[in-house]
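Enquirer: This is the structure, below, for whatever I ask next.
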Amino acid sequence: CRLARLYRHGRAARAVGRFTRTLDQPGGRQFNINSFLKPTGTNHPVGMRPYATCWYNNGVKSFLVGCLYYPCSLGLTFYQQWFIKEEFHFPLFIVLCHYLLKFAVASCYRASYSRVYAKDRILLKWPHYAIAAGITGIAASLDIGLSNCSFEYTTISLYTMGKSSSIVFMLIAAVALSLESCNWSTCSVVGSISFGLFLFHFKATQFAWTGFLLVQLASVCGGIRWAASQKLMQKRSLGMSNPLDMIYHVQPWMIIGIVPLFLVFEAKGLALLSSTSFGSKASNVLRLLGLIAGGGTLAVMMEILEYALVFYTSSLTLGELVTLSLAYCYKGDQISWINALGLAICMAGSVAHFVIRTRRVVSVEKTNTTYCQLRQESTNDSSSDSDTL
């Protein structure tokens, strides 16, 4: 015990000596107040424990990204529902145009970055591009395409709650890809959300089987999409942390996935578009292109923010609650007390999923000491010993 106290006192004396020498010597090392206010190897604010810091950081990131994401998500949902149901009954063609716009934006960003910084962006090798990006892109293509097709058959509230089931399929896919462990917490979240969805759709007055099946198929594809995206973005060696790089690699597969559906279901009807009100005048064609571009702009912004938000919140969050409220108040959607109970159970399952995920991140951060931190600590200790000598 005496040797330990002497060792601690010696480190304190060496720290004071370094501080005084830094003040006396203008050419010495710069004094960093953070090195005295927080322990070496930690990155949490002063007076805040690492556990609370992770909750604080995740909350701030979720809030900032959510402030940008939710207006885009809400606007695109209501905009697409109005546009497809009232103006233009070709949802797959609209989605195909959005995919092309996203790929163009990502390509322009990468080209501009390479020209300005004289540094090439990351480019996946063919095995990763064909398998990892291919699965993600085709699943995302079917998810978005089926979701837009369902707007013709279902209401906003039923669509929103139906799509919230994607968290169930995302957890199942995450277990299959070894991203999540199959334990009681995962099973309880899946069970609660599934039961809540059953109650929400129980004896719904505006229920439509066609729209429900389309939304559920989209949810299955969405779960596979986000689990595969997480698997792809977690590999730091691939360098896919930038959302625009992710869009650049995934978008061609999304185009490949939607083109066959478009050719089968909508190509013939679109060829006869010249006989409709949109194709009779040039002004109508320009108006149509403007409406598609408006939705595409929202889609680009939303997809960029989705990759940033998906790791901090679950799929049923504030956006879905606000969407349901707006649909109930302004669109005339009807919700019974049983449906409201199902909504509450889904919200509870979603909150539980967020808490479990955040705790897992905290446990990883508390035990994860990188090689660079250890190297820095050893360097500081060796420099302190040399100064003392």
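Glycine is no exception: its Cβ is also placed from the backbone N, Cα and C atoms.
Just so you know, TrEMBL annotations never went through curation; they're auto-generated.
In case it's useful when we look at the structure, here is the feature table from TrEMBL:
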type	residues	note
TRANSMEM	63-82	transmembrane segment
TRANSMEM	88-105	transmembrane segment
TRANSMEM	126-144	transmembrane segment
TRANSMEM	184-202	transmembrane segment
TRANSMEM	208-227	transmembrane segment
TRANSMEM	247-265	transmembrane segment
TRANSMEM	285-302	transmembrane segment
TRANSMEM	334-356	transmembrane segment
Enquirer: Establish whether the number of Cβ pairs under 8 Å between the transmembrane segment (63-82) and the transmembrane segment (126-144) reaches at least three, counting only pairs separated by 6 or more residues.
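Expert: These two stretches do not touch.
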Enquirer: Spell out yes or no: are there three or more C-beta pairs under 8 angstroms between the transmembrane segment (247-265) and the transmembrane segment (88-105), with each pair 6 or more apart in sequence?
Expert: yes
Enquirer: Give residue numbers and ranges for long-range contacts of the transmembrane segment (184-202): same chain, 6 or more residues beyond its ends, CB-CB under 8 A.
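Expert: 158, 161-162, 164-165, 167-168, 171-172, 175, 212, 316, 338-339, 341-350, 352-353, 356.
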